[in-house]
Amino acid sequence: MDLETKVKKMGLGHGQGFGAPCLKCKEKCEGFELHFWRKICRNCKCGQEEHDVLLSNEEDRKVGKLFEDTKYTTLIAKLKSDGIPMYKRNVMILTNPVAAKKNISINTVTYEWAPPVQNQALARQYMQMLPKEKQPVAGSEGAQYRKKQLAKQLPAHDQDPSKCHELSPKEVKEMEQFVKKYKNEALGVGDVKLPREMDAQDPNRMCIPGGDRSTTAAVGAKENKLAENKRTQYSCYCCNLSMKEGDPAIYAERAGYDKLWHPACFVCSTCHELLVDMIYFWKNGKLYCGRHYCDSEKPRCAGCDELIFSNEYTQAENQNWHLKHFCCFDCDSILAGEIYVMVNDKPVCKPCYVKNHAVVCQGCHNAIDPEVQRVTYNNFSWHASTECFLCSCCSKCLIGQKFMPVEGMVFCSVECKKMMS
């Protein structure tokens, strides 16, 4: 397929999840409606992951595409219908007998994802070492956490040009080369193993503090005894605390098998969130999630959330923007050369600021222009003018004077305050 055809086929999937309720805004949101180039809802400005959208198939396609053309193809299967790679997510179902007064019932727990290991007891141990609120039990807070992290850590628009907004053929080519490079050099999936099993595979390895291992072979009975003792001294590469005997550890092939992590310590070095499904990116001795690895390699547009592959872009408010995406967060008007105000780290044009965000003057009850001086006390504001910042009793101008505040009123003296009480 040539680049022109690829560009024409691009679309952001605007029909997906349409009308789904927002789990954060509740009834304040009319239902999910994807913005035409931002990755947020047009109604409430929350992301798709904050809405009750069934995304399991879409997420499995996304991860499947990530693993395509890598050594992790054993984790994907291609659909016969369209050849799309699907992530073979390992689902774990545990059944626990629960004793009641008369009968024994079966309590079933389904994990929406579990480490792909043959030993289910090891997978169960791994899950128990995660914080309760991050265990991906179906229908739980942990499952919702995993869903959010899949969206946050592995954005589809970081690997698939068809999920991006109006890329040029040149940008498509550059993105494809970038994705190929990080698949070859950084992408990995953690392995859950017992440290002693790793030693059994290579008896010459001995563990020393910090998770690092030496390759000095033991010679003689005393040396063998010393080596055996040292093998129990495992420590986590992240927290440097010791690993308990019999507990599972996570290894990352890109990092080398001389390093290991507690399950709860296998986190992104930037956002410090659990690496979703143990999918990591390794760079300069650090673990990253997909998002923050890409951020370390390319600028990201604060408007559309996509990586920038163009040589021309703008920087404002310590953020990067596609030239066409430096827009008002409320009305999408271009802000180049215009006056704007930052509201919650988002640029807003002056008319939208006055209409939607400006504070109201307690004196004249009109919105206060962002370029006009004002007086603020607690949650109340006034125009800093002789017409507005006045004693609520005698109308004396209080600019530069002492005053007594009472809720939304101000007084020049105790006498004026008493007269209004």
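Placement of Cβ uses the backbone N, Cα and C atoms for every residue, glycine included.
Features as listed in Swiss-Prot:
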DOMAIN    92-199  domain 'PET'
REGION    133-164  region 'Disordered'
COMPBIAS  155-164  compositional bias 'Basic and acidic residues'
DOMAIN    234-297  domain 'LIM zinc-binding 1'
DOMAIN    299-359  domain 'LIM zinc-binding 2'
DOMAIN    362-421  domain 'LIM zinc-binding 3'
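In the domain 'PET' (92-199), helix, strand and coil residues by DSSP number 53 helix, 23 strand, 32 coil. Residues in the domain 'LIM zinc-binding 1' (234-297) partition by DSSP class (helix H, G, I; strand E, B; coil) as 17 helix, 16 strand, 31 coil. Summarised as a single figure, the pLDDT of the domain 'LIM zinc-binding 1' (234-297) averages 97.
Across the domain 'LIM zinc-binding 2' (299-359), DSSP helix (H, G, I), strand (E, B) and coil residues number 11 helix, 21 strand, 29 coil.
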